[in-house]
Amino acid sequence: MELFKQVRILSFMRYSNYGVIVSAILVLLALGLLFFKGFSLGIDFAGGSLVQVRYTQNAPIKEVRDLFEKEARFKGVQVSEFGSKEEILIKFPFVETAENEDLNAIVANILKPSGDFEIRKFDTVGPRVGSELKEKGILSLILALIAIMVYVSFRYEWRFALASVVALVHDVILVASSVIVFKIDMNLEVIAALLTLIGYSINDTIIIFDRIREEMLSQKTKNATQAIDEAISSTLTRTLLTSLTVFFVVLILCVFGSKIIIGFSLPMLIGTIVGTYSSIFIAPKVALLLGFDMGKYYENEARKIKKAQEKEKMRRLYEGGQV
């Protein structure tokens, strides 16, 4: 189904300056949050335990919280409903235990006065493992950005490659800061959301860059701004339909999904909006700011064609025994 029977060329680049200014302000605010407030590290990165408990009656959340607060070594315990009124999720930082102590048994003993229950899941991550996971998570984001830059450089040119990475860094910073704003623990779910966002956002950007290249190869115009406007306008229907589809799916996950996946669903929801916006207004504009020019492009293409023709001529001379 098409939203528009005829493609109307919209002047996206005319308004892109405002988009860049707004993005610059948002990124500065986001960096302020990241550096001065920082993330609240989840169990995956800081170490700790996660306990899933099911009661035969409605779970006494307040009573469970009070029971843990009485214990000196259980600091920063979080208790929340999980899926149903009978089930709760208990999170607490890493607790040092003696060799003959069983943390599972200690928790069960603390919960005894709260009623009939069953511990359905008990996961513990040590501080060393958490630190390794954090390092690997950061490394995976950096490697993803480098790999994308290399790929786009080979497929297009360095200006497009750098522009796409700038847009992706913009997306990652804004979405990462939203994790702080909405008080979500930084864990592997958030890293998974950021990596998914990188793949989703670059896909939109590549489609627009592909159409820009088609406009250039057709040589209908020698104006870079016009070529970009035509490329974005011709792919706008596809971009909006894809983005809205992803947006509504992730919105359902946010509203009806379990709290345990909020670290993935909420960053993805925000990332869908930010990624679509950056693909349209940020990446093409950055390419222009870096000096992308149709005249230079045609000159480079002409040099490539001339070089290829010279190689072909030399090959024929060599095969004919004249060299």
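Cβ coordinates come from backbone N, Cα and C, glycine included.
According to Swiss-Prot, the feature transmembrane segment maps to 19-39 (among others).
Taken from Swiss-Prot, the feature transmembrane segment covers 138-158 (among others).
Per Swiss-Prot, the feature transmembrane segment maps to 162-182 (among others); the stated evidence is sequence analysis.
As annotated by Swiss-Prot, transmembrane segment applies to 189-209 (among others). Only residues 6 or more beyond the boundaries of the transmembrane segment (189-209), in the same chain, are considered here, and those with a CB under 8 A from a CB of the stretch are 42, 137, 140-141, 144-145, 148, 152, 155-156, 160, 164, 167-168, 171-172, 175-176, 179, 231-232, 235, 238-239, 242-243, 246, 261, 263-265, 267-268, 271-272, 274-276, 278-280, 283-284.
Per Swiss-Prot, transmembrane segment is recorded for 244-264 (among others), and the stated evidence type is sequence analysis.
Residues annotated as transmembrane segment in Swiss-Prot: 269-289 (among others).
For the transmembrane segment (162-182), the partner stretch with the most Cβ pairs below 8 Å, chosen from 19-39, 244-264, 269-289, is 269-289. Sequence-distant neighbours of the transmembrane segment (269-289) (same chain, 6+ residues past either end, Cβ-Cβ under 8 Å): 12-13, 15-17, 19-20, 23, 159-160, 162-164, 166-168, 170-171, 174-175, 178, 193-194, 196-197, 200-201, 204-205, 208-209, 212, 224-225, 228, 231-232, 236, 239-240, 243, 246-247, 250-251, 254.
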